[in-house]
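S.K.: Feature table excerpt (Swiss-Prot):
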| type | residues | note |
| --- | --- | --- |
| ACT_SITE | 254 | active site, proton acceptor |
| ACT_SITE | 269 | active site, proton acceptor |
| ACT_SITE | 825 | active site, for EPSP synthase activity |
| ACT_SITE | 1204 | active site, schiff-base intermediate with substrate |
| REGION | 393-843 | region 'EPSP synthase' |
| REGION | 1059-1271 | region '3-dehydroquinase' |
| REGION | 1284-1571 | region 'Shikimate dehydrogenase' |
């Protein structure tokens, strides 16, 4: 019989815990809870599991045996937090009523917290209360929601706001149910377990710390073996339940003690309310616990060690401790931007445990103990501080700052890391006290544990670290050792790694890696020395920096080791500490000059002596040390001295404020160089310093009386130079400056600290300049300090702890609050620094949150886009790699590196000759070596074009896959194979293929696929225009895959054309016409005649060749009304992944697919938007059925960008029901409509991305009722959705304007109820009064001369372009502001779009110059357009120079405008590639102007800068070919663009501003040109 543990709650043993106790559950319920009806309610996921089936079967058989007259009912609801709502509760109640359930009913809630909460609430209210049994199946439910009788549902305003206390008859925690739990849900539950131990039971917390590694290994396995941790798991659940049961028994209705269970929940619930359902409850509570623990530390109640210990424990269980953790951000995506302080505080203010609107928090006093056993009221100011990473430091208040203070800084980082290395290499047990608990030491401890270097535990509530060393017997591990930005740990472990033995169960290497900054910091000299001594170490990325791959089992040879030690003393300490374990005694000789930071080398030697190894300094050689072989013997106790570098901050505070501060445990006998700071720096600056062997006291002079130091050599204490710099900033004595030298190594720390100090001191109005090995600071009076601008982001810390702490001191001397970024970076050495500033020094501190406009979607792109990371291009020879790589490099501003050229340089001959002499096998070997080296050498700012056969070699393939795995882009380019064959057959410059080209492709096809994460298929180009279009579509593709431009979901009425063709080749020429009026175009992959990857890629190429619209990539399965087989999940997943590789803007993802498949696609989506879709093919679901809400919620929970739901209308009413549903479904953009003839109204009413058809598109089975854009607009107008509007062209003359032709043709094509007419006037006031004020149907104006400036005063707001250009050509009503008007300028768009449509590529990263000819109003728009296109310099040429001088004066300096006012100026000008002619075409051209222009045309035509034919755009559209166009094209072979194109392109933009619809390009173009 399986053992069952019973826990008493409210006086009865009703909580039963065990493993596999289904028999016990059934027996207890049927025997002790007599009923005519038992109802088991679960969710659809749980209903399919083995443990549930077992419970159900046992219940059915036992009921027949014990109570044959009773019945058993089952009901399943949809899973997920979003279904814990009123609708689902009502559906369960309706079921119970329909089944005739009465007051004696017993309900069993079998499921996670959602089921337990909601079904408990059903039981509380059904028939005014029936009995309920909780059978929790998730860890979270077992230890939290099922115990204590709290029941509830969620509302749109928050979680659990409607509910009741309703105690269950039993709670059965059967731990075997956890076998069904996904890993993330398992980990999620541990947050509540850790919380319970943290508030109540330190002994249990210690056990949990030890259990974490085993737990995580088991639950993360593909098939978790819970039996292997059965006893510990049961104990984990049991102990957590015991605490909660005790607390609930003492305070059932949560009036006092029970509030303690809400530790982490005040902040956690607020975060969850914003991030649900993407973030889980336990994840949010985990973050909440750390934030509330930091609050307790900030208030001076909780020790920094306890916070560190709690954080480490949560991380050990795989839980997040910060919203900005990489893995957590992946889950919540863009929702991260919704986590704003004001929103969180509002959520906290309506928390159920508050006293009115006063926010209450549980304050932790120690691990296992809460402060005063109750929740406390906390201020919003203190909460704001802990919730933000940016901080406002208020001016120091003389009345509040204590005159004397005693501060004990955390343990020394330098000594802490050395002690951990020595203890791990030593034998015996050592108790380390005052260890620094920071990011650096955390990484070191984790690394030592991973390498089995020592067993590590804690005592004294975490204050003492107990290390039992294994005598240097470390072994390799599978996982990479991630060291964050911990420079000390990385350098020490680099020497430890070769000593590591090989673990037969894992690999033969140790990999050391870190964050982005760590991967820039130098480690080369240390690696060189170790390699020379027999170690095998490879750089995995950038030469000279982490990550490193170190061969285990090699050891150190010993003997003489030479090391360059002028950059970092840590290199020296690293080898010193590991030297006793070399094969021979070591002589370490430091070469290259005087070693840096000699005192830190002395510190290492002194510590080695304490651990039993004596180092002797050579008497014959300078900077040389002899280290004997041996083994460290750990002392019984080792006390870490406080960090002397950190001590400089409180001492400097005293110096700056004229107060006194004592550091009681650092004095003249310190091992640390920085202990001399007070004596060598602060005393000569005017401070009174008293230093004993063990303490230091500084008393500052009165404020403003510090003296500059003409020169101080800080080489013995380089880290303290930042503190000295901020003190020197307010040390003024005439013109005397302070010069600090000996600190060159500070340029390669967490950032370039010298440059950082210069740039940030400047924000305070303090001038500083760099010296070859230091900094010079020109101090000013504190009264003259400037407050750095908060709007300009205040003080940048460069994620450097010492920069942040230093400037927190200077900030308080300003007259106003100073913003300091990234305050959490101080966690590296002093996590509680801000708490000290607040509690000890009584400094007022506020949290600060960046205004939302700074954190828009582009900020996310910058964070997660490709950035400067190099892009690797692979593909068949002849696939266009060279051309497209060149285009890509030009667009991105990258360097193009052809690996064939790199290879030829290395082998000293051309590839063809090498292959003839050495053979293909040797060539592939050399190619793989060059590839691996190049991927590291050219890791940033390059496009690497590879040879076609790079995928032939396994080693090269592994290098490519590794690059993809590390987050890089490997782009596979391909084109039609027949075209490739034709091209290659004619190419004699490259070595001949051994096989036929098609055979080669078939062999390589899968290799290309598995080695790349992106794929672009080039359509065949048969004309110059098609070639230009290919370049533009390829650039758009690159923008998408690099995150440079992310598709924006339309916010207004919009459409997409759904293509149901089997092959787009047949309709390519009609695609632009077919997609008229659409905002996107859908490729139905399942309807294609074949779904091979090549054919699907070819179809996307046809789309890109034919239209610029975003692509929606859809594969509909048979059960969802499509043609793709239902059961081919593997093939389906590959095709979905192909869509992402092809860089489509939208991917349709069916909600009925397996959950793991959905999650894999969502994880890999990159910058593609996901449309989560569900189609009710049967037509049986009405829109008030809860299943629709469940499907919508499922899409929201998955984190899709849009949700698409398709029903079938069996009656007209179904359309109205859908609109009710739409009105309540607002969490994510929704596309929802009904198919069928009776469903047409729903398509008309759908506001966003409605699918449309076209006369040329074949009808699709099951899609009856499809309409085209014009039909929808007509119907929408008829029912009042669109109303009549009037638009005008205003100015004088307007009689010949083509604008009415353009706009009216568009209205007619799209069936819009609008009219565009002419209104001739020279009076802007008349136009405003008669057209805008008096016409109730006013839609908008197109403004021409002479009103473009005069009309501006009648607008309420101007666009950026209108402001800069100083003219308006479009007026519309401001959205949502009736009677207020926006002035816009689309002339510049007409100019830039004319160039772009003609094939001019993006010029942002290309050194291209432009010229504007003329000085009128259009010239201003032309200047703006050329700047937007990316021209680096804009020249201007005009007959009347004063006019263009005026334009030059009015434009910002960054436009870089130069005037060509003489032939000499023209001769001196750089080549020009783009010209806009804005002079009248109907008058003779001035001869002098023409002479200058022709010189420009000649030079530009010869130079051909930018990789395209130089182009001239004519602004005049009459005559069709102007004299300037003729000269440019015929005489100088420039490409010319007629003015009618500019008219059309500005009109198209104007059309969209006026109507919100995409103009039908061909139709309006024809109306302007041919009518």
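Just so it is clear, glycine is given a Cβ too, placed from its N, Cα and C backbone atoms.
Mind running through what each feature is packed against?
M.R.: The 10 Å shell around the Cβ of residue 254 (active site, proton acceptor) contains 17 further Cβ atoms across the protein chains shown.
Around the Cβ of residue 269 (active site, proton acceptor), the number of neighbouring Cβ atoms within 10 Å comes to 24.
Residues within less than 8 Å, Cβ to Cβ, of residue 825 (active site, for EPSP synthase activity) and separated from it by at least 6 positions along the same chain comprise 750, 797, 799, 800, 801, 803, 804.
Residues near residue 1204 (active site, schiff-base intermediate with substrate) in space but far in sequence (CB under 8 A, at least 6 apart, same chain), listed by position: 1148, 1171, 1172, 1173, 1174, 1230, 1231, 1232.
Restricting the average to the region '3-dehydroquinase' (1059-1271) gives a pLDDT of 93.
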S.K.: For residue 269 (active site, proton acceptor) and residue 254 (active site, proton acceptor), determine the Cα separation and express it in whole Å.
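M.R.: Residue 269 (active site, proton acceptor) to residue 254 (active site, proton acceptor), Cα-Cα distance: 17 Å.
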S.K.: In DSSP terms, helix, strand or coil for residue 269 (active site, proton acceptor)?
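M.R.: Helix, per DSSP.
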S.K.: What kind of secondary structure is residue 825 (active site, for EPSP synthase activity) part of, going by DSSP in three states?
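M.R.: SS state of residue 825 (active site, for EPSP synthase activity) = helix.
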S.K.: Give the three-state DSSP assignment (helix, strand or coil) for residue 254 (active site, proton acceptor).
M.R.: coil
